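*Asks:* Copying in the features that TrEMBL gives for the protein in this structure:
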| type | residues | note |
| --- | --- | --- |
| TRANSMEM | 106-130 | transmembrane segment |
| TRANSMEM | 136-158 | transmembrane segment |
| TRANSMEM | 170-189 | transmembrane segment |
| TRANSMEM | 214-232 | transmembrane segment |
| TRANSMEM | 239-261 | transmembrane segment |
| TRANSMEM | 267-292 | transmembrane segment |
| TRANSMEM | 313-335 | transmembrane segment |
Amino acid sequence: MRLVQVLIPDGDRMDVLAVLDDERMDYAVSEETGRGEFEAVVSFPIPDAGVEPVLEKLYAAGIKEHSYTIVLPTETVVSEQIETLKNRYRGHRIARDELIAHTEDLAPATSTFFIFLIVSTLIATTGLLLDSAATIIGAMVIAPLMGPAISASVGAVLADPDMTSRGVTLQVTGLLAAVLTAASLGVLLNETALLPPVDIRTIPQVLERTSPNFLSLFLALGSGVAGAVSIIRGAGSALVGVAIAVALIPPAATSGLGLAWGYPGVVLTAGVLVLVNLLAINLSALILLWIAGYRPETSEHTGRAWQGVRVRIVILICSLLLLSVVLGTITWASFAVGTVETSANAEIEAMFDSGQFDDLRFESATVNYDIDDVLLGNPAEVTVVVAHGPNAQIPPDVAQRIDDRLTSETGEDVTVDVEFVRGQSST
């Protein structure tokens, strides 16, 4: 529910009240003594979905150019008439003017935006290096990326080029700033004793952002839908902002760490994930806002807005399809890596269990095979650790026999190294 208050200019009282009477609305009128050009203030409760159509009728009565309109949220309205209004104005969509106000509130001043963004990126980068999901999620709470993402879509739907331009600019420059911030922190940590030597590609939280697949696309689409719904209904934007930030900040920080450590594969895969998520969020928000019925204030701008929305949708979809080829390739490569690792371990264990090497005991197997190897056609490197007694007869072709078995069963080229560990047992 909303409480609408309108300052009525001199001479317009009858026109304004006639509109409210036609709508069969309860209202209260009080005299205005603050400024001479207004004669009264009218207040009336109305469901969320009724604010925009009623205001349009009031504007048509001639009050907009010389008046103030205030829309306030209400906790409870007790009235028999309000049920009639709820039945007439079904839905939970907020008015266009409220949408603009909420969107502007979500996109803070530029200096504030970058301060929160940099701090959030620093915390998220630390969480990635510590392999701490809790730290990463905590960083997302203060990430200010929901505002720009929604601003770009709202501006496009309402034919507001300034809002659209600011939203797009903040998204692009913000993510570039996130990458550079993470890279700067990575260089500082990598070149000093603040962080022990580490291969960031082995950190699970980093690995998660360098192995994107189509599930990442669903995450971004869902975040965009949630963002649009929250702004349309005027609720839950803080929590939704976390979901949007999770889709953008961690992969951007991962890309920055790839720059700092000199791993182009990390930069590329994490960068693709950032772009896919960014495009998907904007696409889903744009479509949902248009479907929700938001249009420019004047009908002559609606055609221009629709043309702009169509162009943006086509560009976003084509870009997503192009990047989806990359996602599909990475998904296939990830599946190939997992298949080789699982098959290699299973086949090696089966060879030793079958008694082919009576004097040897299988200890462990490590498969060094990642997405880059699949794409570049490099062989999988398998290291097998085998234990044996002091008098064991070690066949000279253990590595080759394992190699032949794995090549035959996996269909992939492999290289096998066998490490022998001599052990003793007490009698």
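Each residue, glycine too, has its Cβ placed from N, Cα and C.
Heads up, TrEMBL stuff is auto-annotated, nobody curated it.
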*Asks:* Taking the transmembrane segment (239-261) as the first stretch and the transmembrane segment (214-232) as the second, find out whether 3 or more Cβ pairs fall under 8 Å, excluding pairs closer than 6 in sequence.
*Replies:* yes
*Asks:* Is the transmembrane segment (136-158) packed against any residues at least 6 beyond its ends, judged by a Cβ distance under 8 Å, and which are they?
*Replies:* 96, 99-100, 103-108, 112-113, 116-117, 119-124, 127-128, 164-171, 174, 205, 224, 227-228, 231, 237-238, 240-242, 244-246, 248-250, 278, 281-282, 285-286, 289-290, 294-297, 305, 308-309, 312
*Asks:* Thinking of Cβ pairs under 8 Å, which stretch from 106-130, 214-232, 313-335 has the most of them with the transmembrane segment (170-189)?
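*Replies:* Counting Cβ pairs under 8 Å, the winner is 106-130.
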*Asks:* Take the transmembrane segment (214-232) and find every residue of the same chain, 6 or more past its ends, with a Cβ under 8 Å from one of its Cβ atoms.
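*Replies:* Distal contacts: 92-94, 99, 102-103, 106, 146, 149-150, 153-154, 240-241, 243-244, 246-247, 273, 276-285, 288-289, 292, 320, 324, 327-328, 331.
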*Asks:* Cβ under 8 Å to the transmembrane segment (313-335), counting only same-chain residues 6 or more beyond its ends: which ones?
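*Replies:* Same-chain contacts beyond the flanks: 211-214, 216-217, 269, 272, 275-276, 279-280, 282-283, 286-287, 371, 374-375.
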